[in-house]
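Novice: Quick one: the structure is below, questions incoming.
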Amino acid sequence: MKLVFLVLLFLGALGLCLAGRRRSVQWCAVSQPEATKCFQWQRNMRKVRGPPVSCIKRDSPIQCIQAIAENRADAVTLDGGFIYEAGLAPYKLRPVAAEVYGTERQPRTHYYAVAVVKKGGSFQLNELQGLKSCHTGLRRTAGWNVPIGTLRPFLNWTGPPEPIEAAVARFFSASCVPGADKGQFPNLCRLCAGTGENKCAFSSQEPYFSYSGAFKCLRDGAGDVAFIRESTVFEDLSDEAERDEYELLCPDNTRKPVDKFKDCHLARVPSHAVVARSVNGKEDAIWNLLRQAQEKFGKDKSPKFQLFGSPSGQKDLLFKDSAIGFSRVPPRIDSGLYLGSGYFTAIQNLRKSEEEVAARRARVVWCAVGEQELRKCNQWSGLSEGSVTCSSASTTEDCIALVLKGEADAMSLDGGYVYTAGKCGLVPVLAENYKSQQSSDPDPNCVDRPVEGYLAVAVVRRSDTSLTWNSVKGKKSCHTAVDRTAGWNIPMGLLFNQTGSCKFDEYFSQSCAPGSDPRSNLCALCIGDEQGENKCVPNSNERYYGYTGAFRCLAENAGDVAFVKDVTVLQNTDGNNNEAWAKDLKLADFALLCLDGKRKPVTEARSCHLAMAPNHAVVSRMDKVERLKQVLLHQQAKFGRNGSDCPDKFCLFQSETKNLLFNDNTECLARLHGKTTYEKYLGPQYVAGITNLKKCSTSPLLEACEFLRK
């Protein structure tokens, strides 16, 4: 009995121990000084009865990344270069909290990578060959990735299998790059001031490590240029006269004072960030710990312990000394979105040959939404002679995110998504120009013809004679998808203006609005794919998705009203669609609801519509605009409406089902005539309307992009 009691006591104690471990955030320290500070943090949090934190020590950021991925630790603060590494397989970590810099009045979650030199010299950024260089550390953002990416054209490096470190070792006469292999690349460690095993170490045991160390390397006269961040000079030199002895090298091969960093920097890069596991990452616990820690031990909060401070002789332990707080990173943001396409691509390019970099720059990667679009895209890619390749995602917003990260380059979007993409920094490049219903003859000037927009309409069965715009409340509704123009933004924007209520799931009795919560009324009418899977997903796996899907929802008597565009009914009735559900449908069996309470035939949409909507448009990043335009205009000359290889080989504007990649009634992709921002393209009235509607609910991607603009 006594033995049983002891066993139970032991198991209870073990359970309490494990429960404590589950509640506690295990912080990973990358050096002994960091571990010492971490234990001080732990003791001070305990004193104020704050959230528990425990500490483990590893010898490098990569070891901490591995420990977190293996669930042996929970969090570590990383520079952007290691955020990139942490986001890769097999680790798949993501940033959960960003360090905030600046002031309380002007906080920012970015900093500037700069090249600092002593005044008096005459060399410029393009004249560094043969000089001596000081770096914060191998693979770090300001000290390695950004400057080496900037200098790559001068390095005489053709790419792998030779490591880029070899080219850098040849380029500079001597360097200090903490973390470099001093056996393989002795020149990269020649300037370092550490002794014995600590020479060139990736830790504070190397005096020239990190920002202050690299700047010290320059100040001591060891190096000619230091690659650091803009704040280092101000943090390490409080005297203005001393700061005046240094200046910045600018990308335009001029020099500027150190306080002109906004006009003279190598790159603007995201803050250091705390990373955690993408799945079961204790994000809430980590944020609660950081929030309370900054409240108790932030700037000027406590004389006993400084969260953003380091002991004399040390710098930036656990967090940057210049940080003023943390900002929680929205859950939609992974490492690629956090770093941005420019920096993300720059790091990748440091690992590719010149030929690979040039080939990627020339190629357009199209993003396909869902399996059906991907099949069509792969067919296009196979005939494009390498000009176009494909990536895919399950939703439009996921595709927009791939374009933002540089993993894809372009896609054609409905106006509602053009708004989202524009808010995230993408731009319209070409617009879908639609065939005129009045004429079937091709327009030789289609590419230069200004786009007119299309009509968003509410379609009902002609037999439902009592149904008008004024009586749609409580009926069953069919929508193209949430956030799309004709199917959501316009009708729901009108209803919001009428009712002032955001409870759209209560306005109609049941709906199919792909992209909604599958458990809500807004998905009740959706049917998914042939196997009954993928119900309410915002792609073509949901049979009631898109213009054709929403009309099918009405035609099959699931819904009472369908919100589509004016040509949708024409394209799917009177023999224009041979699919089983549509082949017997008659145009005359449907009618339009007018805003004045009247009803009219479908052919009279000009005088009975909800609003004029902007045409779909191709969007991309600014860096890809010209190449994308060149490729698409060439591709439509071959595969467009009257292309040389359509219909014999492939047609861009025809689909196995309906409206895959582009709308099937697209006549051509047309120039924008100056409407090259989302605001200009969509027009002020539409932008104002959708901005108003977003008060009801924003999307995770919009929330993420709002954060990234800070």
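Placed from the backbone N, Cα and C atoms, the Cβ positions cover glycine too.
Note that the structure is predicted; figures quoted are calculated from it, not measured.
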Novice: Given Swiss-Prot annotates D79, Y111, Y211 as Fe(3+) 1-binding, which of H135, H265, H272 belongs to that site as well?
Specialist: H272
Novice: Please pick, from H616, H634, H673, the residue that Swiss-Prot records in the Fe(3+) 2 site together with D414, Y454, Y547.
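Specialist: Looking at H616, H634, H673, the one Swiss-Prot places in the Fe(3+) 2 site next to D414, Y454, Y547 is H616.
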Novice: Write down the single range among 20-24, 250-254, 570-574 that appears in Swiss-Prot as region 'Critical for glycosaminoglycan, lipid A, lysozyme and DNA binding'.
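Specialist: Matching range for region 'Critical for glycosaminoglycan, lipid A, lysozyme and DNA binding': 20-24.
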Novice: Between 39-49, 193-203, 380-390, 688-698, which stretch does Swiss-Prot give the note region 'Bactericidal and antifungal activity'?
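Specialist: Of the candidate stretches, Swiss-Prot labels 39-49 as region 'Bactericidal and antifungal activity'.
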Novice: Quick check: in three-state DSSP terms, what is C192 (disulfide bond)?
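Specialist: Reduced to three states, the DSSP call for C192 (disulfide bond) is coil.
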Novice: Over the span of the region 'Bactericidal and antifungal activity' (39-49), count residues by DSSP class, listing helix, strand and coil in order.
Specialist: 9 helix, 0 strand, 2 coil
Novice: Closest to C646 (disulfide bond): which of the recorded positions C55, C200, C217, N497, C608, going by Cα position?
Specialist: C608
Novice: What mean pLDDT score does the region 'Bactericidal and antifungal activity' (39-49) have in the model?
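Specialist: Reported value for the region 'Bactericidal and antifungal activity' (39-49) is a mean pLDDT of 97.
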Novice: Counting all other Cβ atoms within 10 Å across every protein chain shown, which of the recorded positions A142, C264, C446, C646 scores highest?
Specialist: A142
Novice: If the hydrogencarbonate 1 site is taken as the center of the Cβ atoms of T136, R140, A142, G143, which further residues of that chain fall within 8 Å of it by their Cβ?
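Specialist: Residues close to the hydrogencarbonate 1 site, other than T136, R140, A142, G143: D79, G81, A113, H135, G137, T141, W144, N145, V146, S210, Y211, A214, F227, I228, R229.
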